[in-house]
Amino acid sequence: MGTKVKIGIIGGSGLSKPDILKGGEEKEVNTPFGKPSDALICGEIEGVPCVLLSRHGRGHTIMPTNVNFRANIWAMKELGCTHLLVTTACGSLQEGMHPGDIVVIDQFIDRTQKRIQTFFDGAPLSPLGICHMSMADPFCSRTSKMLYESGKNLGLSIRETGTMLTIEGPRFSSRAESKLFNSWGAHCINMTTVPEVILAKEVGLCYAALALVTDYDSWREGEEGVNVENVMKIFKQNSSNALKVLLDVIPKIAKEDWTKTLEDYKNAVTMNTLLPHSY
């Protein structure tokens with residue numbers, strides 16, 4: 001019998017309502033890195049145990065820089081999650097990706113400035129050693145493929161791959177920055193993928209993300225730059241599609257055997273962690 005699957009869901013606005021889980025119960029969790037963004041909601045989707053967390057807190061009260069990413073990921077791992085399925089609003093940086101599209105991200109470019117990106121920081125309660133985790137393939141390709149197939153089967157406008165550029169925020173990009181990011185070939189821009197995906201990899205979780213395109217950022221000539229009002233209008237429409245994907249894919253994930261995948265991720269953490277030597 002394979003490893004029992006438990007799905008963590010980290011959502012932004014519109015995907016943090018506890019009523020998507022059957023029998024949802026709030027659980028307050030403390031971690032060595034402080035408290036998560038909000039109480040975690042434990043329940044089920046189609047009989048599959050799930051844990052739901054609002055990345056920015058219910059009511060969207062935490063700006064991107066102040067999200068306690070380490071506490072969020074650690075809490076999910078502590079509650080026994082094997083997978084993390086996340087949603088994130090994003091802007092498009094390329095003509096081929098339009099507001100309303102969903103992108104299954106497979107790469108990132110980090111333009112954040114103020115975020116701790118590791119659990120292995122030498123603090124008394126942190127894991128021992130220094131982890132030089134490979135980020136060649138940051139996302140779980142197996143889980144990502146299942147997200148894409150679900151979206152495709154549901155008839156949604158969904159892209160199989162894409163590179164996410166993460167900025168610090170909370171401000172949006174200047175036109176000059178946006179044009180630069182466009183020239184780099186990044187597909188989408190947001191404020192939360194880094195360090196979330198890195199930390200998930202450090203604790204061996206199968207992490208996959210649905211990026212919900214809401215705007216064209218500011219690189220397009222002759223077009224209004226991104227603003228909150230337009231973002232939220234499109235995001236509400238798009239988040240309902242993302243929810244359809246999650247409800248469809250979660251039972252499918254639970255039916256598969258993830259023992260080897262999870263073992264590989266666990267071994268990758270061990271292999272890439274340098275422990276202190278005693279001489």
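Including glycine, each Cβ sits where the backbone N, Cα and C put it.
As recorded in TrEMBL, the features of this protein are as follows:
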BINDING   S13, R55, H56, T88, A89, T192  phosphate binding site
BINDING   M191, D215, Y216, D217  substrate binding site
DOMAIN    6-250  domain 'Nucleoside phosphorylase'
SITE      S173  site 'Important for substrate specificity'
SITE      V228  site 'Important for substrate specificity'
Substrate site span - longest C-alpha distance across M191, D215, Y216, D217, in Å: 15
Around the Cβ of H56 (phosphate binding site), the count of other Cβ atoms that are within 10 Å: 20
Neighbourhood of D215 (substrate binding site), C-beta criterion under 8 angstroms, separation at least six: G91, S92, P99, V226, N230, V231, I234
Among A89, M191, V228 [recorded positions], residue with fewest other Cβ within 10 Å: V228
Rounded Cα-Cα span from M191 (substrate binding site) to T88 (phosphate binding site), Å: 9
From recorded positions S173, M191, D217, the one whose Cα lies nearest R55 (phosphate binding site): M191
Integer Cα-Cα distance in angstrom, T192 (phosphate binding site) to V228 (site 'Important for substrate specificity'): 16
C-beta crowding around S173 (site 'Important for substrate specificity'), within 10 angstroms: 23
Shortest C-alpha distance to D217 (substrate binding site) - which of the recorded positions H56, A89, S173, V228: S173
Residues satisfying Cβ distance under 8 Å from Y216 (substrate binding site), sequence separation of at least 6: G91, S92, P99, E223, V226
